[in-house]
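What follows is one structure encoded as structure tokens, with my remarks underneath.
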Amino acid sequence: MQTFNADLAIIGAGGAGLRAAIAAAEANPQLKIALISKVYPMRSHTVAAEGGSAAVTQDHDSFDFHFHDTVAGGDWLCEQDVVDQFVQSCPREMTQLEQWGCPWSRKPDGSVNVRRFGGMKIERTWFAADKTGFHMLHTLFQTSLKYPQIQRFDEHFVLDILVDDGQARGLVAINMMEGTLVQIRANAVIMATGGAGRVYRYNTNGGIVTGDGMGMAFRHGVPLRDMEFVQYHPTGLPGSGILMTEGCRGEGGIMVNKDGYRYLQDYGMGPETPLGQPKNKYMELGPRDKVSQAFWHEWRAGRTISTPLGDVVYLDLRHLGEKKLKERLPFICELAQAYVGVDPVKEPIPIRPTAHYTMGGIETDQQCETRIKGLFAAGECSSVGLHGANRLGSNSLAELVVFGRIAGEHATQRSLESAPANASALDAQARDVEQRLHTLMKQEGTESWAKIRDEMGISMEEGCGIYRTTELMQKTLDKLAELKERFKRVKITDHSSVFNTDLLYTIELGHSLDVAQCMAHSAINRKESRGAHQRLDEGCTERDDVNFLKHTLAFYNPEGAPRLEYSDVKITKLPPAKRVYGGEADAQEKSDKEQANG
């Protein structure tokens, strides 16, 4: 086993990982940084984000407005000091990306263009056509190449982190190209491994988004927080889960049922706004949890359209015109044509909700550090407390760079103040990781990782979907317990060294099963409806601030199901209130202004 000595190790080279690496390199030019990724950086899942990144930029917008939209959108489960820090940091990061070369779309006068996203009452989403994630990731990757102290380990799969005397001290990874192991020692480690959307059958996530970082931190005793909150995006393509960006609706797209009716006006997001009126009043720009829930009700009422790929509604962009679609949503036109054979210029796009984003994750403090000294987390794998029970669109790309920078700066400080590690203890841990890998490779079993993964995805969709019941969640919990037992009998049939995906998918599945259990156990024990967690059981259909205005913490239990604890939500300036959108929000805004003016 090779050994590489670094000061800081970063697991994941997407938006958060690259931003952390750049921040660390700028904080201390002498710092030796190891950047480990199981794919080439430009294949990280950040590249798939289409819509945009939030930051206050207009005169009629403010940090307070962004703060209010985020806290209300998260159904008051956000850590409000974290949200405050976030909204004030976003403009700096967007400007920094521009200075590094990110080609933000612009208005005719040359100023940065912004569009509105769901749940945001003011246009504040910066975008680069409909390939924002690609351009942000490319900009960060290009910028990272300026720093020779950042050493990349592309196509290296991290097997485990090393912890000595209560501090993260490195990791062990497998070089996928050669099949050899490498021990990377460091005084601090940052997890930037993305979410866990692949635990669901249909999802918008790339194949690499399997919850690896969450699973590793979890098994080392770090709790996973608020894992019951999994966002369904309302506009995925049927069958594939390919995302039709929220930017479609931000540009003025509408959603209709089989009767051509803009049905969202029946679910607290109306009244109907005539086409061509200010888009920030469009009912289609409600928060994602509520828009996805409206689809479920339309389906139950028989007002969706049946297709071979499942029931759908339509996303209609035709009234925007060919010129605007080709200029502002060119990638969407390509995707719709390629995956469902639809030209958005001429016909509506069939869509349905699909699993999209993990609001919960590795619990961290405001500096992105976990309960293990020197172990940090940033991006979708983390739970710093920003999103609460429902993330607003375009806050996630901004989160990557805001908290990627914070994690990089604080991990640098932690690394520099740390005493030397116990090398022999790290070597012993690394040998243990190697032995576990060999045991897995030689395991004589009868189970297939692919079959277990498929059954997990179906079960999670049935029990932990848009609407949940005790009965369905319990079935999912029972199924997951069965699958974890069967996982102990998985047989790896490929024993080659080079790009052994049979082995890698098996290891990923182990993490996914742990994460899925945390999601389901956290969900069945939250006996209320809040944000993306909606229950149909009697007594659980409403938000319950008295008993459940708190975070769920899932701790690893080697003997079975995760152990749950709860912690308070930090409320600093916006007390819990009813979430209102559409006409009801307009009426409240008018009333607030009248009261303010006496």
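Note that Cβ sites are derived from N, Cα and C of the backbone, with glycine treated the same way.
Source: prediction; values computed, not measured.
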Legend entry - Per Swiss-Prot record, range annotated region 'Disordered' [choices 49-70, 577-598]: 577-598
Inset, instruction - Report the nearest neighbour of Arg391 (FAD binding site) in space among the recorded positions His45, His233, Arg249, comparing Cα positions. - result: His233
Inset, instruction - Count the other Cβ atoms sitting within 10 Å of the Cβ of His45 (tele-8alpha-FAD histidine), across every protein chain shown. - result: 24
Legend entry - Fewest-neighbour residue among binding-site residues, criterion Cβ within 10 Å, set Ala16, Ala48: Ala48
Legend entry - Shortest C-alpha distance to Gly52 (FAD binding site) - which of the recorded positions His45, His233, Arg249: Arg249
Legend entry - Spatial neighbour of Ala16 (FAD binding site) that is closest, considering only the recorded positions His45, His233, Arg249 and their CA atoms: His45
Inset, instruction - Would you mind reading off the Cα separation of Ser44 (FAD binding site) from His233 (active site), to the nearest angstrom? - result: 20
